[in-house]
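S.K.: Can you keep this structure in mind? I'll have questions shortly.
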Amino acid sequence: MDLAVAITLVLLNLASWCTFSESRLLVNMTLVYNASKIGGLCLDGSLPAYHLHRGFGAGARNWLLQFEGGGWCNDIQSCLERAKTRRGSTLYMNKLEDFNGILSNNASLNPDFYNWNRVKIRYCDGGSFSGDAKFDNGTSVLYFRGKKIWEAIILDLLPKGLMHARKALLSGCSAGGLSSFLHCENFARILPRDASVKCLSDAGFFMDERDITLNHTMRTFFENLVSLQGIEENLNKNCTTLLNNPKLCIFPQYFLKYITTPFFILNTAYDVYQFHHALVPPSADMNGHWNRCKLNVSLCNTQQLEILQDFRRDMLAALRSFLMHSKRGGTFINSCFAHCQSETEDTWFALDSPRVHSKTIAEAVGDWYFSRKISKLIDCAYPCNDSCHNIMNLYSDETKHGFEHTLGWLNRWACSRSFGLGTRIPWNPEFLVESLSDSTIYLAYYTVAHFLHNEDMYATNKIHPIKPEEMTDDVWNFIFCDGSYPKSSKIDPSILVDKMKQEFEYCYPLDLRVSGKDLIQNHLTFGIFNHCMEIWHRGFSLLDFKADDLLIQVTWKRLCVVESFKKFAPGLHANAAGFLDEQDIDMEKQRFLQASFLEFRDIMKEKEDSEEGIQKGVDCRKPLMEFTALMTCDSTAKTSGGYGGGDENGSLRNFKLNESTFLASLMPKKEIGADRFIEAHPQYDGRGVIIAIFDSGVDPAVSGLQVTSDGKPKVLDVIDCTGSGDIDTSKVVKADENGCIQGASGTSLVVNSSWKNPSGEWHVGYKFLYELLTDTLTSRLKKERKKKWDEKNQDEIAKAVKHLDEFNQKHSNPEDGDLKRVREDLQTRIDLLRKQADSYDDKGPVIDAVVWHDGDLWRAALDTQSLEDGSDCGQLANFIPLTNYRIERKHGVFSKLDACTFVLNVYNDGSILSIVTDCSPHGTHVASIATAFHPKEPLLNGVAPGAQLISCKIGDTRLGSMETGTGLTRALIAAVEHKCDLINMSYGEATLLPDYGRFVDLVNEVVNKHRLIFVSSAGNNGPALNTVGAPGGTTSSIIGVGAYVSPAMAAGAHSVVEPPSEGLEYTWSSRGPTSDGDLGVSISAPGGAVAPVPTWTLQKRMLMNGTSMASPSACGGVALLISAMKLLVGTSFVQAEGIPVSPYSVRKALENTSVPVGELPADKLSTGQGLMQVDRAHEYIRQSRNTPHVWYEIKVNQSGKSTPTSRGIYLREASACQQPTEERWTVQVQPKFHEGASNLEELVPFEECIELHSTEKAVVRAPEYLLLTNNGRSFKLVSITLVHLLILRNSSMFSDYGCYDLILDVESIVVDPTKLSDGLHYYEVYGVDCKAPWRGPIFRIPVTITKPMTVKNQPPVVSFSRMSFLPGHIERRYIEVPLGATWVEATMRTSGFDTTRRFFVDTVQICPLQRPMKWESVVTFSSPTAKSFAFPVGGGRTMELAVAQFWSSGIGSYETTTVDFEIVFHGIAINKEEIILDGSEAPTRIDAEALLSSEKLAPAATLNKIRVPYRPVDAKLSTLTDNRDKLPSGKQTLALMLTYKFKLEDGAEVKPQVPLLNNRIYDTKFESQFYMISDMNKRVYAMGDAYPSATKLPKGEYNLRLYLRHDNVQYLEKMKQLVLFIERNLDDKDAIRLNFFSEPDGPVMGNGAFKSSVLVPGKKEAIYLGPPVKDKLPKNASQGSVLFGAISYGKLSFAGQDRGRSPQKNPASYRISYVVPPNKVDEDKGKSSSTSSKTVAERLEEESILVLATKNYGLITLFGCCEVAFIELLCIIKQAHASGNILLEYFDFSVRDAKMRVLSSLKQDTDEEHSEWKKLSTSLKSEYPDYTPLLAKILEGLLSHSNVEDKIRHHEEVIDAANEVIDSIDEDELAKFFSLKSDPEDEDAEKKKKKMETTKDQLAEALYQKGLALVEIESLKGETAETEGTKDLFEDNFKELQKWVDVKSSKYGTLLVLRERRRRRLGAALKALNEMMQDNGDPPKKKLYELKLSLLDEIGWNHLTAYEKEWMLVRFPPSLPLF
């Protein structure tokens, strides 16, 4: 054995001695025997263990638990290997553990924790004590039971004193440090509540950092680890719920914020493990460019150092929130290149330990734990700290150059082997680092040689404890390779386990060979590679004692050999050093060295017990990885699998929730990075931002909307922009001496005397409560009120039954007629009460409103006592007055029953009071998503809890919740007025034209001029393309948001059993593009939430999902960005750091930083640019703060066509996809600045060099560069397939916003779709700023191609077979519909599943200037089966078929649904699609042809609706003076009120139609339309707007008022004669079914009827459609009316009989119309003349002459007197009579009748008019005293004169007039006549009968009116019915009336009612009145209902009285409501 070996053995012997020095604290292992009971086993199944050293003194009840570190295993192979080592089995662990550093019991080395109970928890699971799984493949078994091990050890320690701990600290290093993070909260929960529990992590803050190649190496490693060991369910639940990828919650940066236990983070900012394995893993540096830098940081180049500094910055950024906001946290982040620093004394607490701000780690931790000082220490950046023990010091350039030379050839050679001797590369076990025997085998042998040779290197001692033959392969494998224990070995286990193996594991990495000059390349470099996974060497020194001597040796601080010689025997060191440089040492020199080492040993023995020896003793046994290593490369830390970025959108498996993560998932924020952003920037949580919520209204009382996060009021204003809550309070009243006023409803109201009202004027109005509430709340209130009403009604029934029972007991068998009638009356009352319960219809309570000015403000109060049961509840005087919400921000609640919050606003100087309520929970839900703040429930906060809002109600309660143009316009006005930053609008409709309309114009102004950012929902009409709605998805200036669902949302909010594996767009979310090629969806955001809802819902929160929820989520995210762009100064927010808020820049930031959802380019049509990310957008905005705020408007035109203009290129139809298009496109790229931008400061300097890109150059190509400047330049590129662009100069035609224009003229964008496959293709041409490419695309030109397949087979059938579906999957197919096809019959067959599946099936076709032709169906399959559909199509156009399995359907089942879809095209082509019958008798010819295949021609046509046209009878134009109608531009809105009158002869369901305006809200240039239909009593029956609905109306006359708004008077002037149609559905019995004929004369001749035939392709067939039969036309179908319906020609193969007969139900039906012709001409009935300015005498004379002239027109002609005055004519007629030519008597009768007509036409509104009437009536009565018709007319005139003061006298006159009528009639003759039957064929008899019937009616009317007058006189005089002995005139009169008529009829029933009332038979009276009103088909009469109220009052049924009073205001309102 040579000298080198001998020296080594001596050194190892010395090392052995110093290792077991008594100065070291070695603690025995404790196995946890009970661990197996709970499954807590090491990887190999062995028992877990720990080392416990008991505390003493003051620390006896304090505990410190330290997790051991040691990497991880993340695949089966590495875990199997680990299970055979001390890292996976306690069998191979040392039974003694050295307690050092933080575990030391030496007060001078560990002053704060030395006397605590200290526990070292051994690490044997490979998963940071967090796994809970098992692997068993039948051959091998692995136990991933780290969590159970932790639990078992805790259970074992608790009874040993841990359960009584007063103080406790959980710590750990490396993988153990990660364990400390993972188990900190659990540890705190285990210990007593009063214990001081804290945690520490040393080198455990592992970062989710991309490596230098931008791959997620560490992420991939940890994801595999989590999956393998089942760790996910044991990770922090808050984190896993909120993160899209819950596996990432193993990284502390993602769950640190959820740790509430005080925590200390000890880490180096340049953690070498992460440096070598996360930042620069070998896989990212295959060529070894970083080898030198890794070896020595001083060798790193500038770029490498910058990357390392970026890593430090990233770590500090990840800790920013913890550093800023954790009040109980501590940190020690130094700049050393190290890993663990707490487990060794030299880094923990030594004189030269690393320090930050002069503090050691131990001092910093102690100060933190014992709260002595704040310990948040952050070191400066490398290389400022010279106290670090982190650099491999090479001491000399020779050593450095030697390593550089070796590394120069080693990086190309050492790892190239896959076999032989060497060390496997951890990240790729296939390859080896080649090992020289000198650097591996020798060194391994040297570590145990002294045992084998009995410490006798020269074999002089013949006694050996171990024989050579005993060193079998199993023994060597156990010692060197962590093999299994050799049970058959005879070697003493104490030697084998506790000595030999321990020596190897501790001392093997020490290369103590003394070699020559080749040491570096022959040993040391290979030693680094071989051993770096366990240890990194501290330094290599070159000791140059002689000029020609070279000594290179490995040195370690305070280790044996050189350092020991130097410190304790410097003389020996100097003497021995001279021999160490030689390659070959002779025997003499060897003996000298041996003697030197032996002498050194003696010196050390002398110092053994000295204090210096204790403090500075040598320790070879100390784990070298604890000695300030550059990195700890654990040999078991192997990365398996590939590399690459993870899915940041929420990929996960085995998703689990806990309470906190569940709550967090209800209000998703992590998906868009909002939580990360707020955590990093808590002050930028929306503060300083105002959001306008355009929605259904926000309840300001709900939790979460009270204050912002900084204590400011959340809701600044609440406005009803629709006017649905407006009350007309223009009526002014004064209070009487008692302080009472008359309310508008008629109620007497008491005014609170404390209310200030200097003017004394009270404005009054009223409103029905139900008009303010939602249908849901109204329904609930009706049920509650009905319940209370029923109770009252039952009480009255009980009373009535009691009265009847008492009567029956008193009169058991009444014979007297009066008694019988009394009994009947009592029974009637019972019956009435019971019937009333059945007919109960609650119209709701009435609210009286009072408005006044208190000298400072307008205030209002409400009287709601009709809502409350208590006598004082709701009274006006008890109301706390409110003013406009924005002033005092106060609200009220109507009653406890409704719990409905309301707000009051006063407008128009008190003339209008607006009661603001929400029309659905939607608005509050939306507002809460955006801004809710819950101080006690932060997980449920909205996205921007610091933001404020205003509520702009655009949903009209009168229309359910439909938005109106008025609401939208007023909302924009309010947003500008309140200086809002943001608008959120979660509303929208389909549109005819994108980016068009009045509202769009106003939005553009608000965005471009006032810089508001407008965010809106894209729509919920997916999954087909072209389904985005307006305005969100179709308007360029609005950010349209799609709806995204993450796994956390699915698991939490939707409570699905198993959430999807990754985030996706909701199935129903609308998709782009728009019809003009724009993308449609801008970005996506979470589309579901469980958020607060209004109090009236009686629940705190509600789940809603839709793009309505995605929009406020995005809006809240934008609010965070705006908040970050502002800085709080005093009480106002101003721009910070010069970052102005611009919608343009914010939108660009959002779009360019979004995370893509989906992998295909076409996914952008669904998700926009992706899922928005707030933190990334913020960084983008910061970086782009100095870039111009420009919007690049894109306009695309086909060359040569000025219209239409589009915003993208959309090739959809087959004609555009069959050949390369040679069409030239003009693309205008128009930079636009905000209005008011400075010409000199913004416009002139603007210049951008643009690099153009195409996402697919093979399809779309573009030139490379453009220069955008103000002046521009022109150039032209010529290429066959190249895009030609031309930059033109500024043109004034585009100067809408005061900016210059740049027109990018693309002369021939050639898109070649011929090489594309069928289906959807999406590309983009986008521009990038050459000088700032980081900005991403600054404009995009979308190119969408849907290449359809062609149907070639006959018959035309298309089949899509074996389509596979999983939840959320969408299959799209594009088909060119064959020409001639008009409908489709489709069959969908499903298979392959056993649980219910739900599918969306959509088809879409695009038609120019029309809304997309869409058919949709939601189909549910409970089991595999087939379903059939039929839907219309348009031939020759592309049809998209979208089949989607609903996103949550089938979740939890791994079965794939297989779908076969078959489409069969059918069609009958006709020569005219719309048939118009002109009203003539001629039939209409129809030519039919089958172009595809044979079809059955079975025509059917039905007219089932009628439209009657009307012109307005009145038109009033007015200016709206209120500020809420003043546009942002300053213009005042105008209103046009059109009034139409129509009459219904019978009750009918009607719908008003205005073809010019209907079905358009956003795509119309008119601002608003609204109509109301009311009867003559002013009762409103219907309201509507752009989407009119049918309303059932009773017969009667009606007014329809149409209200139009605009700011342009010329537009409104043109509408003054607007034609309106009243559309009425015909009853089925009245619907007209038209007949078809095969002959043109068929309709007249009645033959040739056509039923059906079979059409053969290529052959036409003609049929004739006959007009309707005239007698079947609806009655009162006036000329010009239009009957319309549907006509169909084909028959479905699977249609039923009913479907075949009804053309409306046929998928291919067409409109048919019939114009009603003029009616038959009737004889002229004469003309009436004007009477306005003539006296009664003149009118009498004129009427008489006109009658005579009309009757004697022939005589007038005979005398030639056509031009003679009428008075002369009369003389001529009289003269003619004198000569016997004419009978004057005949003319006298006519003149009499004429005079009567004059009498009837006279008005009696004034006293003068009444006097004229009385004078004429008296004259006529004297002239014709017995003429009954005249007397009846006089009676009629008296009755019409109601404005009389002396009512008794008036009624007496009525009685007299009635008596005159009665006396003028011969009743005997009349009775005799009616007793006989007349001959109906006798004309004279019929005439007489008619006359006698008239007389009878006149008699009955006179008796009836006399009876009424008698009752009125009795009432006025206070008389009762007849008194005994006096004649009862009323009764006599009534009996006389009974002779002639049925007194129960509706005409005369009132008298019967009064008679019963006079007799006190009130029940009978009420019954008679009810029956009379039910029989009367006329509009209700107020007098009858007033009579009913009086009867109810008399009976005492108060509940019915109150009910009828509410109905009185419904039937007879005092005025019409406001618009």
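Each residue, glycine too, has its Cβ placed from N, Cα and C.
Remember, TrEMBL labels are computer predictions, not curated facts.
Quick caveat, the model's predicted, so the values are computed rather than measured.
Pasting the relevant annotations from TrEMBL:
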type	residues	note
SIGNAL	1-23	signal peptide
DOMAIN	686-1155	domain 'Peptidase S8/S53'
ACT_SITE	Asp695	active site, charge relay system
ACT_SITE	His922	active site, charge relay system
ACT_SITE	Ser1108	active site, charge relay system
DOMAIN	1205-1276	domain 'Tripeptidyl-peptidase II first Ig-like'
DOMAIN	1308-1345	domain 'Tripeptidyl-peptidase II first Ig-like'
DOMAIN	1365-1449	domain 'Tripeptidyl-peptidase II galactose-binding'
DOMAIN	1491-1677	domain 'Tripeptidyl peptidase II second Ig-like'
S.K.: Give the one range among 686-1155, 1308-1345, 1491-1677 whose Cβ atoms make the most pairs under 8 Å with those of the domain 'Tripeptidyl-peptidase II first Ig-like' (1205-1276).
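M.R.: Result: 1308-1345.
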S.K.: In the domain 'Tripeptidyl-peptidase II galactose-binding' (1365-1449), how many residues does DSSP put in helix, strand and coil?
M.R.: 0 helix, 50 strand, 35 coil
S.K.: Looking only at residues six or more beyond either end of the domain 'Tripeptidyl-peptidase II first Ig-like' (1308-1345), which have a C-beta under 8 A from one in the stretch?
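M.R.: Apart from its flanks, the domain 'Tripeptidyl-peptidase II first Ig-like' (1308-1345) reaches 1025, 1072-1073, 1077-1079, 1148, 1151-1153, 1160-1162, 1164-1165, 1180, 1183-1184, 1187, 1190, 1192, 1194, 1196, 1199, 1207-1212, 1216-1222, 1224-1225, 1227, 1229, 1248-1256, 1258-1262, 1265-1266, 1280-1284, 1372-1374.
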S.K.: Between the Cα atoms of Asp695 (active site, charge relay system) and His922 (active site, charge relay system), what distance do you get, rounded to the nearest Å?
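M.R.: Here the two Cα atoms are 7 Å apart.
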S.K.: Around His922 (active site, charge relay system), which residues of its chain at least 6 apart sit with Cβ under 8 Å of its Cβ?
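M.R.: Same-chain residues close to His922 (active site, charge relay system) (Cβ under 8 Å, separated by 6 or more) are Asp695, Ser696, Gly955, Ser961, Ser986, Met1104, Ser1108.
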S.K.: Can you give me the average pLDDT across the domain 'Tripeptidyl-peptidase II first Ig-like' (1308-1345), rounded to a whole number?
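M.R.: For the domain 'Tripeptidyl-peptidase II first Ig-like' (1308-1345), the model's average pLDDT rounds to 85.
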S.K.: Just give the helix, strand and coil counts over the domain 'Tripeptidyl-peptidase II first Ig-like' (1308-1345), going by DSSP.
M.R.: 6 helix, 20 strand, 12 coil
S.K.: Among all protein chains shown, how many Cβ atoms are found within 10 Å of the Cβ of Asp695 (active site, charge relay system), not counting that one?
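M.R.: I count 30 other Cβ atoms within 10 Å of it.
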S.K.: Please work out the number of neighbouring Cβ atoms within 10 Å of the Cβ of Ser1108 (active site, charge relay system), leaving out its own Cβ.
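M.R.: Here the count is 29.
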S.K.: Kindly report the helix/strand/coil residue split of the domain 'Tripeptidyl-peptidase II first Ig-like' (1205-1276) according to DSSP, in that order.
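M.R.: Summed by class, the stretch gives 9 helix, 25 strand, 38 coil.
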